[in-house]
Amino acid sequence: MTGHKQSTEGYLFGICGLIVHLVILWGVLDANFYSPVLNDLPVVEPLSGAPAKRLFLFVADGMRYRTFSSEPAPFLKNIIKTQGTWGVSHTRMPTESRPGNVAIAAGLYEDPSALFKGWKENPVDFDSVFNQRSHLNVRGDSYPAEWQDFDKASNSPITLDSWVFKKYFEWLDRDAIKIKSRKGVLLFFHLLGCDTAGHASKPHSKYTMLCFGFREYKESLKFVDQKIKEVVKSVDKFFGDSRTAYIFTADHGMTDWGSHGSGSDDETETPFIAWGAGVSHLSGRRDIEQADIAPLVASLLGISIPVNSEGVLPRLYLQSGNQEYGARALLNNIKQLLNQVKGNRLTASGEGSSYSNWRERELEKMIDKVEKLLHDNKVVEAIRVAEETIEKCKSYLYYYRQYQKNQLIVYLTLMWLGWIVLLVLKITGTPRSHLNNTYKVKSRKDSRVIYYGIAALIFVWLGFCAPLVLVPVYHVKKNEPIRIIIGGTVLFLAMVITAIMQKLTIKKPDKLLILTALALAIYPALPTVKPDPQTGIVLISVAVAAVALVIHNLPSHILIIELLRLALTTLILTGDIDGRTGLSWIILASSPISIFLHPADDVKKRLTGVTYGLFCPLVLLSASYEPQVYLLLAIHLMTLLDNDNNDEELKSTGHCRRSLSPSDLMLYILLSFFGTGNMASISSFDPMWTKHFITLFSPFTMSALILLKLAIPLILVGCASRVLASSSIFLAVLLLGDCLSLPLIFTVTPQGSWLDIGTAISRYAIAVTLPCLFLVLYHLSSPLMTVDFSSRKTLKKHLV
């Protein structure tokens, strides 16, 4: 009965831990990244006298500025020289749902909650230039999903763009006459060819023939340039009123190796060209933020700026001959931002005293000043004041969006500290004797303990809340460098003492164990992503695995099966066999069967089976040195197992093996994760990593395969830990991970560069989830170490 109760308590504790980790993970991200979308904000009335009746918006998906500026695009380059204004559009981090297009159309940087709404069906729950239906005519269509294949010789990426332009010319011949005289017409061209070509054949390559039939990334740009020229000619011929504006840009860029997510300039700098009705012609580069495009589109068409837009109208892009219209467009931009300031203030702090809205009153006074200046025909002065007001609007908007962040972080930190204390007591404490009714006290008349206890809780609460309103001031003393020197000396001495103690305590060190440990230490410092797949390095790993397989002297039937799997994997790698026909999936599905053929009563043989069973899927998902790390890790763990089994001191004490310490196990967990990849493997997505399984665009399947690739070394460590470590140390491993994540809570920030934001999120998410993920994989690995096909039974023996 007691065992059943302990088991129930263990399950409850596990569920509690899972809930705490989920709350902490979500809470920190929620405190820093929450939806910028506010419903029921008032719409600012659109301007009259708009310079353009229609606007054509061309978005070349994945087109980076560097390639555009260095490669021939004759028509667009001529536009820059003769009639347009151009610059670089600086993007931010695109999310999985609509990378960059939300910022272009709505003026806001993607709603983080969109991540959980799915890739294919993401409801438009925010305002955009497409939603102003009383002033806008929008037509849309979509091509078949199977066209977006990253490796299909018969289907060039140019087909995607050709389809878009074909639809436009069909519309022009059939339906355009209906809107010929209408105002506020927007035509949106989403051109996916550059993105697909870049993922497949890489932007830096001249021409790709590695079993891909795609055209070049640069050829896609030339095709788009030629088709835009044809569109402009058709517009001039059909409408002929010089009331059409044009914008060409891109939602995001791309690295040389065809991915986006790591935050380089190639990914965050995209071309921007505007020309036509209402657009000025200026020489030189005029950079903008990507969110500024939405106010520009709205101002050119004379429609309302999207209510949640963070963009600022780039006034220089508007024709200089009509400065008053530009000033009034800026005024509308201010009113739209002021509505957001009011909405965010009510959301963050609610209705308060009359003093709480002093920022809004200040902005309203400045709006009145701009309107008075315009009334007095002082346009230049009005523009200057308007630009100052917009800067204040942006700062106040940021203030209210971050209003509750510090409070939330404090509460989450206290929650996390409480969980860590609970873990420490769970590991080190012993249960108290159960109290019975003999020791219970009832009807105590002296209630002072309760009163003082309540008072103590109140003042503890006030003490924790005090830092929220009072800021401590510290004075730097002159002897600060001395402290640094002393601290560094202590750290150095600690390292020396640790090295000496290890030398004294480790008897007869195994050379192979040391060599593999030193080799493994190199890989986490190496770059994860390479411009091109290093197939040769992967094939060397396969050859080494095949030689080791023969040396292991396995039973003939197991040897034949493993060699056959390695041979098929090699043929898929070299391109002699197309793994997408199902062969790669068969190799993946056969991995458990291959493992179960190895005898489970011999731990080392079963661990060898796990190594080879998971090796082939890892190879098919690898682009460089990942299989090398995996093989070295397997050799290291099996050498450690041999040392334990051969340790005379352990044998003399009656123990069959030495348990790993929690710090050792945590080290192996981090090494297995960072040695073969990290979270950038998902954010810096490259379809080439999954090309042997799938090339048709399927984000969830591709992400699942990449997660499998990252999990395989963890599964290997989990299987080895069932032999080398006691199950009682896993709470200590969890404690180490939780202590590691505590300071990382304060590094997560929505400010800074794309790379800084992504790196901070990745580190925090890894620290919180990796120990939990390992615990899950540890329990899931149990069948891999116990199920035995060779004896046709499942071992009941517990391996700990």
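Any Cβ shown, glycine's included, is placed from N, Cα and C.
Sequence annotations record features per position, and here TrEMBL assigns transmembrane segment to 12-29, 408-428, 449-470, 482-500, 512-529, 535-561, 665-685, 697-717, 729-749, 761-780. The annotation domain 'GPI ethanolamine phosphate transferase 1 C-terminal' is assigned in TrEMBL to 456-753.
When each of 408-428, 512-529, 761-780 is scored by its Cβ pairs under 8 Å to the transmembrane segment (697-717), the top-ranked stretch turns out to be 761-780. Counting Cβ pairs under 8 Å to the transmembrane segment (729-749), the stretch among 12-29, 408-428, 761-780 with the most such contacts is 761-780. Residues belonging to the domain 'GPI ethanolamine phosphate transferase 1 C-terminal' (456-753) score a mean pLDDT of 77 in the model. A Cβ distance under 8 Å defines the sequence-distant neighbours of the transmembrane segment (12-29), meaning residues of its chain 6+ beyond its ends; these are 112, 408-409, 412, 415-416, 419, 426, 734, 741, 745, 748, 761, 764-765, 768-769, 772.
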